[in-house]
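Annotation comment: TrEMBL describes 291-460 as domain 'Helicase ATP-binding'. Taken from TrEMBL, the feature Zn(2+) 1 binding site covers 523, 526, 563, 566. The feature Zn(2+) 2 binding site is assigned by TrEMBL to 532, 535, 550, 553. The annotation domain 'Helicase C-terminal' is assigned in TrEMBL to 558-712.
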Ligand code: ADP
Ligand code: ZN
């Protein structure tokens, strides 16, 4: 009987791929091992073994696999189970989940290697210019890759040139697999065999009297060797003996020392400190409450005001799990913002903290993966942003989702478009573990689940140390402008408070949810404003670089001096961003130090850390920033928070805009007065009577919740109804229109009035692609699985229409 293997390929196609395998392979292969398989014309992919069976595919002749890449599975059963759920719930292929889950270095790539054939030297007219460049490069090096060719020819599409050379018999093509992951090796040094004997040693030292530097190295080696049996690295020896590596090399060359390599993990853990906290009475009550609720409920929401000490409660819960030899997953909305937290946890748990960081290199992520697979090591607490939940856990005891309301938990692009909080709860269930969701401003969804008794609920209403929540004052901008009490974008009240805070030696945070200098440049003569050529949006002025930039596609151009339409030099700016606030701060408070934290100032690898550090160390007095400032940062000396303009948050066209405004403002406000003195918050707005602002200023979360939930009922939105957003994209305006009409009509035939659209979003063209949205609302009693099956059917028929096939369709379940 012949054997076959179903595999998962890291591609968006939703079907199983079957290959032919030998009897021996069939007994060796286990689910979750990687295999290299041929795919398409001459590609090699890394696939994941899913199932060995004996039923031959009928529709096609299966190919055979190239090779097995693992000795043992590197993806576990429970992972595969979880991936399956994600792919079904979020309507994507298993391969897309696999690609999101596995570090790139695990997914071996086929790279085309070019080599030169031994043919006689052809005459000059034989080559085109491009071909000659490649031929010449191969005179100097034996192989080239496609990327090298791109570099030589300075362009992307090089395959035709390569094909040309292949046809002329100059090149060989060869598909080659290579392991991308390279363990980091450190060079160590030891005494060569012959010298370990004492007699020889004496003779040696005698001999080295004429080479005092080498003698010095050797003596240092002995000292180091006698005090510790740890391997001695070349760099350490060189440092301790104050000698160059040249001298060490001379000793190696003489055969006195030998060098060897050892692999080290590049995720080097911090030292553990013995520092245990004593919980306050309120914290103890909350902790007990959580543990009590876990006896009946799988999920508990910890609703604790900002700075109530939620983190310390997590720490106690983690401690307990590690004591039981269980693993803990700690999810954060954005790992880059949480160096503070990682440090805090490392002081408690030392090297048992594993950080899974999207900014880590692929190699570093492979190491975390391998650590988790190694079930013989002590269990870990894994901290990471959303993709950490796709790691190979084996005995998870607790999942913590901190700042559970954060929208960055939802993956937007590419698929799988999963919500990490929800996927984490499912993961936790698979492991029979518990989930704790924490927030000062829970999402309406989660609070609703708690109210429905689906989740447990524990509340912490006071701050740690009984510091009062900040005093929040609303400043009426319309009135201030009328009375001419404004300087730039600062009201007199804000200026007073900032001055006072600085005088007292405290720090200030100023929040403005836009980056750049101003979002619109407008000609006062003709009203024209410069637009992005690729997107349907006006360009933002960035004064610092003297540029106009598009925040959607990155397009930029030098700032214009006069209007492109009428030619008059009458350009004005409208609206303002963080750059402008920073400018104004410098003029209003020339003696203070100001820093800015937004996407533009935090691009480098450690840029964040630097800004946070200098603010913590009080080298900076005033920090201006976007919503990056809101996410769980713990600064000890901030007394004042200023929200420059609340209105652009409130007026955002989205059913979650009010909920989000509340969360954002409550969270930024929460940065004020975290230690002993009460903080102050000023919110500048044209609508001081807006309900949300009233609720923020009185810290009335429940009131906000009740009001928002009513709206969700009336307008049929989550958490009452579920939603699936269908987005269609294409560069041709008419085609996207026709396609959207067709799709929408088909959906309506099944779901009737619960289909909204199709509709262009506020920014209807991005990167030259027109965008149209359809929203499907799913009533509480409607079967979710069958709903998705109906959509899939429509999607398949859609893709069967030739004209529609080039239109990209994106299904976003529980769109955020
Ligand atoms: P939250 O996460 O609820 O915003 P944190 O856990 O960051 O609050 O706590 C706020 C501040 O109070 C932190 O600086 C923290 O170190 C301190 N803190 C909280 N609980 C304790 C405790 N039991 N002992 C000492 N300091 C604490
Ligand atoms: Zn653009």
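Start at 1 and count along the chain as shown; that gives each residue its number.
Here the Cβ of each residue, glycine as well, is placed from N, Cα and C on the backbone.
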For the Zn(2+) 1 site built from 523, 526, 563, 566, further residues of that chain with CB within 8 A of the site's CB center: 524, 525, 527, 528, 562, 564, 565, 567, 568, 570
Of 532, 535, 563, binding-site residues neighbouring ligand 2, Cβ under 6 A: 532, 535
Largest tally of Cβ atoms lying within 10 Å of a Cβ, found at which of the binding-site residues 550, 566: 550
Minimum Cα separation from residue 563 (Zn(2+) 1 binding site), reported as the residue among binding-site residues 532, 535, 550, 553 that achieves it: 532
Mean of the pLDDT scores, which run from 0 to 100, over the domain 'Helicase ATP-binding' (291-460): 91
DSSP-derived class (H/G/I helix, E/B strand, else coil) of residue 532 (Zn(2+) 2 binding site): coil
Distance, residue 532 (Zn(2+) 2 binding site) to residue 526 (Zn(2+) 1 binding site) (CA atoms, angstrom): 18
Other CB atoms within 10 A, centred on residue 532 (Zn(2+) 2 binding site): 25
Residue 535 (Zn(2+) 2 binding site) to residue 523 (Zn(2+) 1 binding site) - Cα separation in whole Å: 20
Residues close to Zn(2+) 2 site centre defined by 532, 535, 550, 553, Cβ within 8 Å: 533, 534, 537, 539, 551, 552, 554, 555, 766, 767
Where residue 526 (Zn(2+) 1 binding site) falls in three-state DSSP terms: coil
Residue among binding-site residues 532, 550, 553 with Cα closest to the Cα of residue 566 (Zn(2+) 1 binding site): 532
Nearest recorded site to residue 523 (Zn(2+) 1 binding site) by CA-CA distance, among binding-site residues 532, 550, 553: 532
